[in-house]
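One structure is given here, and the rest of the page talks about it.
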Amino acid sequence: MKLIKYPDRSQWNEILKRPVLETENLFDTVRNIINRVRAGGDRVVMEYEAVFDKAELTSLAVTSAEIEEAEKEVPIELKAAIYLAKRNIETFHSAQRFEGKKVDTMEGVTCWQKAVAIEKVGLYIPGGTAPLFSTVLMLAIPAKIAGCKEIVLCTPPDKNGKVHPAILFAARLAGVSKIFKAGGVQAIAAMAYGTESIPKVYKIFGPGNQYVTAAKQLVSLRDVAIDMPAGPSEVEVLADESANPVFVAADLLSQAEHGVDSQAMLVTTSEKLQTEVVYEVERQLGYLTRRDIAEKSLASSKLILVKDMEEALELTNAYAPEHLIIETKDYMEVAGQIVNAGSVFLGAFSPESAGDYASGTNHTLPTNGYAKAYSGVSLDSFIRKITFQEILPSGMSAIGPAIEVMAANEHLDAHKNAVTVRLEEIRK
């Protein structure tokens, strides 16, 4: 961990810099895989599964028998936890339903919007070092609430060709339509272009490593939409002298164990807290099963001491963290001044873990500073809003002359004429 005390503003850009990956060769590799899947379909996807996931497959689809068998393998306490999380996620996302209303912008001119679900969506759930069944809930539940007709899920199998039981249980519970054994770039390509088994979708959601991220970026250039750009997961804890160092250390470690490239940062006005957190992190590390991963992540973590809360807020908004935990005595007042963050956790008893799993908010969030321009996944991510307008003769009489003037000044004669012929008809 790097202890930084009272950094000058000229140092902020360097301090807040995220790791940058060399992507030129990566994109070439990813593009080649995408092109091969696009041309070869299921056969090529299964070839890549054998190479990357060491799984020899004869088909990609997960069968109903496999899902039923998986349900028997999920412990009762985990099922209960997943049910609780599902209820809270449904409650929060159901409250986001769009209720469009008709607006009369002038007499005879009525405008409105209608929310329509994206018909086919693809969800990518990574394999790696942990089964992310929670991400299944975070993506499939709002898709189902939105009314998406087809929810396709791709996730890599283990070397025996099996998908983790908790992922299958969560997928069935959340309303996923079809599940396929496919991971990495090949899964993204399959959902973007379709194969004999895997349907083409209109939008792809879900996290992944740098190869998956690159694949999503490439297919989104012209062929399919994606949720958002993604990078390594990150947390910032913003704290003053009232914060509990045990809690702060636990929050930093909960982020660090995600992966070796995860970002964990403390910004505090208390030198005493900064010192105590260092001790607590070292103490709690000993209890972690993923200690090696957390230690590598913490090597690049930063504990930053600033002179006052005003400076802490400026630094935080400049960083735009994916997750922001505010542990200050006046956390609501501090939160009111946050303008750049993916998801904010308020007070000593609101850890990031709550949002990751079961509070109800979505954990699919903008990373890498994208919180300055992007929102996290919500119900809106799975819908489109179609605009309607109805113009009566009285409305055309009211706005028509202005349209004619504007069109003429943009030298768009046909635009002007489309109004002129109608005005002439009205005046007859």
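Cβ atoms here come from the backbone N, Cα and C positions, even for glycine.
Among the candidates D158, D330, D356, the residue that Swiss-Prot names alongside Q255, H258, H415 for the Zn(2+) site is D356. Between the C-alpha atoms of H323 (substrate binding site) and N209 (NAD(+) binding site), the distance comes to 19 Å. You'll find the Cα of Q186 (NAD(+) binding site) roughly 27 Å from the Cα of E322 (active site, proton acceptor). There are 29 other Cβ atoms within 10 Å of the Cβ belonging to Q255 (substrate binding site).
In three-state terms derived from DSSP, Y124 (NAD(+) binding site) belongs to an extended strand segment. H258 (substrate binding site) and Y124 (NAD(+) binding site) have their C-alpha atoms 17 Å apart, to the nearest angstrom.
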